[in-house]
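S.K.: Please see the structure below; I have some questions.
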Amino acid sequence: MSAPRTLYDKIWDDHLVDEQADGTCLLYIDRHLVHEVTSPQAFEGLRMTGRKVRAPEKTLAVVDHNVPTSPDRHLGIKNEESRIQVEALATNAAEFGVEYYSASDKRQGIVHIVGPEQGFTLPGMTIVCGDSHTSTHGAFGALAHGIGTSEVEHVLATQTLIQKKAKNMLVRVDGQLPPHVTAKDIILAIIGEIGTAGGTGHVIEFAGEAIRALSMEGRMTVCNMTIEGGARAGLIAPDEKTFEYIKGKPRAPKGEALEQAIAYWKTLQTDEGAHYDRVVVLDAASLPPIVSWGSSPEDVISVQGIVPNPDDIPDETKRTSKWRALDYMGLKPGTKMTDITLDRVFIGSCTNGRIEDLREVAKVVEGKTVAPTVDAMIVPGSGLVKEQAEAEGLDKIFKAAGFDWREPGCSMCLAMNDDRLKPGERCASTSNRNFEGRQGFKGRTHLVSPAMAAAAAIAGHFVDIREWN
């Protein structure tokens, strides 16, 4: 009888082509997502060596990082470097026979929102993209992670990837979440617990009652930020919620093929007694709404907390780092999080730019008005999310409250397009990274859930969403 295996073990074994004595493996790749930033050199490498894309039907190209989200984006991209990258992707996709969603295609959006929407992402698959937040697709029980540009070229040419197997890590979130505490709070709490290096060298499987209770979109939020916890990939075993989400998606299996697929997907569960190299357990009932205070995703605290004092940290290197973070963020130890005022609010990104996120925001802001001191924007994660939100009338609620309702794209998650912070501006953001300069030169980013961001936009400062009227 074979040894019990984890979900990661099973997907790995199903895709292992070859293994060398030193542990170097060749892994088959089922799906390859491509965007404009990390692919130009990869396609050029194919061109220079006379190679083709081995499996264009398993490759999907989407523009997201550089595209403007302003209503006039049909007039073109002003920044020359951004325009060149977008044009290169269109040219490369056409030349190499890869399906491509341009900025004028309603299926366009952030690549990690588009993949699941289209049924391109399926359980048990290996999925890669030249983007660190590829871990998002792990919500479907797929082994998904980011790769570098040279690896993008390798996958395009061979549909395989060379790598060594990671260790297994389990993060279990037991119990039920309190009202108004979300998937975003779960993953921020996990990163706060394990640190940004806590998952290094591991693939994390998320499990427990609180994880199972999440919708597919909530699970995508959790898996999206696995990389911020240091792990290469995050996984959640598929279940009936997964199967229901997939049914009817454009690229998903249909009819008998779907039934056969579901029969296989049901085997994608960790066996009883399987070994994890590390186990972390959190109590869902104890989790509050969370806000980041520093310049790392591990710098998190309850919205009811105060900015911590780095002098309380024994390790000198870490202590120095946290003082630097406070200096950058313009904060002093002991400041109440609810006393921190804001200049900007950004709701969107591959972490929280889906329809359920926007519905939560609408509940918070309906009938209210954005604070006069705040500039707030909502960026749907894809053209289909935008279409759905407008069909439900959410855009009218947002506009009436004073939010800027934008076109789909990565937007202010990162300073690679026109949406960015000015030096010194403080932003409540539903994105995934609060590094120095991430949203703009000397911009100050606080990571929060969509509902928390929405409430902060109305109040002009952080508020506890549990006390929101």
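For all residues, glycine too, the Cβ spot is worked out from N, Cα and C.
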S.K.: Among Cys223, Cys350, which residue does Swiss-Prot annotate as binding [4Fe-4S] cluster together with Cys410, Cys413?
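M.R.: Checking Cys223, Cys350 against Swiss-Prot: the [4Fe-4S] cluster site match is Cys350.
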S.K.: Under DSSP, is Cys410 ([4Fe-4S] cluster binding site) part of a helix or a strand, or is it coil?
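M.R.: In the DSSP reduction, Cys410 ([4Fe-4S] cluster binding site) maps to coil.
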S.K.: Once the DSSP letters are reduced so that anything not helix or strand counts as coil, what is Cys350 ([4Fe-4S] cluster binding site)?
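M.R.: The three-state answer is helix.
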S.K.: Looking at Cβ-Cβ distances, which residues of the chain lie under 8 angstroms from Cys410 ([4Fe-4S] cluster binding site) while being 6 or more apart from it?
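M.R.: Listed in sequence order, they are Asp64, His65, Val67, Ile110, Ser349, Cys350, Met416, Asn417.
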S.K.: If you skip the near sequence neighbours and keep only those at least six away, which residues in the chain come within under 8 angstroms of Cys413 ([4Fe-4S] cluster binding site), Cβ to Cβ?
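M.R.: The answer is Phe346, Gly348, Ser349, Cys350, Thr351, Ser429, Ser431, Asn432, Arg433, Arg438, Gln439.
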S.K.: Take the Cβ of Cys350 ([4Fe-4S] cluster binding site) and count every other Cβ within 10 Å, whichever protein chain it belongs to.
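M.R.: So the Cβ neighbour count for Cys350 ([4Fe-4S] cluster binding site) comes to 28.
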S.K.: Neighbourhood of the [4Fe-4S] cluster site (Cys350, Cys410, Cys413): other residues with Cβ within 8 Å of the Cβ centroid, in order?
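M.R.: Leaving out the recorded residues gives Asp64, His65, Ile110, His133, Gly348, Ser349, Thr351, Gly353, Gly381, Gly409, Ser411, Leu414, Ser431, Asn432.
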